[in-house]
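Per Swiss-Prot, these features apply:
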type	residues	note
TRANSMEM	17-37	transmembrane segment
TRANSMEM	38-58	transmembrane segment
TRANSMEM	68-88	transmembrane segment
TRANSMEM	91-111	transmembrane segment
TRANSMEM	124-144	transmembrane segment
TRANSMEM	156-176	transmembrane segment
TRANSMEM	181-201	transmembrane segment
């Protein structure tokens with residue numbers, strides 16, 4: 001197994017958020033702030049990695065006909081344990097993420113990877129798949145959250161002490177004056193716009209400038 005290709009495929013080429021467009025509800029809801037985006041991304045990564053690993057270990061004992069309900073039991077148990085840990089050790093982050101922690105149970109990425117990969121692959125592949133898919137989703141959330149926070153609030157990493165307890169609550173960067181911010185970026189519609197621009201920029205990087213211009217001109221001629 002070539003680890004570079006393995007991770008590149010999941011982190012970039014087939015990114016669950018920017019290519020497959022899965023799990024968009026929590027992404028759009030929690031990316032108004034970079035720290036919340038990172039927090040939800042890391043939490044989702046842990047859930048993906050742990051559930052993939054458990055299902056891979058138990059795959060020979062899971063009946064094929066009832067595998068989906070069993071996945072849901074494993075995922076919900078994992079999410080509940082992580083939620084309790086956040087409540088105990090990262091209470092500020094727990095409060096910020098709120099209902100979106102238990103909603104990870106319904107995230108189609110988690111059950112999708114469990115059925116497509118963990119149920120059919122070895123422990124190592126399942127573990128690495130869960131981790132890489134989670135990190136890819138975290139990367140997308142971080143980029144979208146950073147753009148929305150800078151444009152809509154004028155700050156970057158505001159509330160970093162929620163994750164990094166060693167930092168002071170005043171640790172953050174200011175890029176834009178409060179009076180010059182774009183409030184649209186903090187609204188759901190702004191979230192969709194930023195997501196669209198990020199996807200377009202990724203496609204531009206993947207396809208290259210020439211292919212994008214060709215596509216643009218061909219669309220123009222058709223009109």
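Each Cβ is built from the backbone N, Cα and C atoms, and glycine gets one as well.
On a predicted model such as this, the values are computed, not experimentally measured, just so you know.
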Candidates 17-37, 38-58, 124-144, 181-201; stretch with most C-beta pairs under 8 Å toward the transmembrane segment (68-88): 38-58
Sequence-remote partners of the transmembrane segment (181-201) [C-beta within less than 8 Å, at least six residues beyond its ends]: 18, 24, 27-29, 31-32, 140, 143-144, 147-148, 151-154
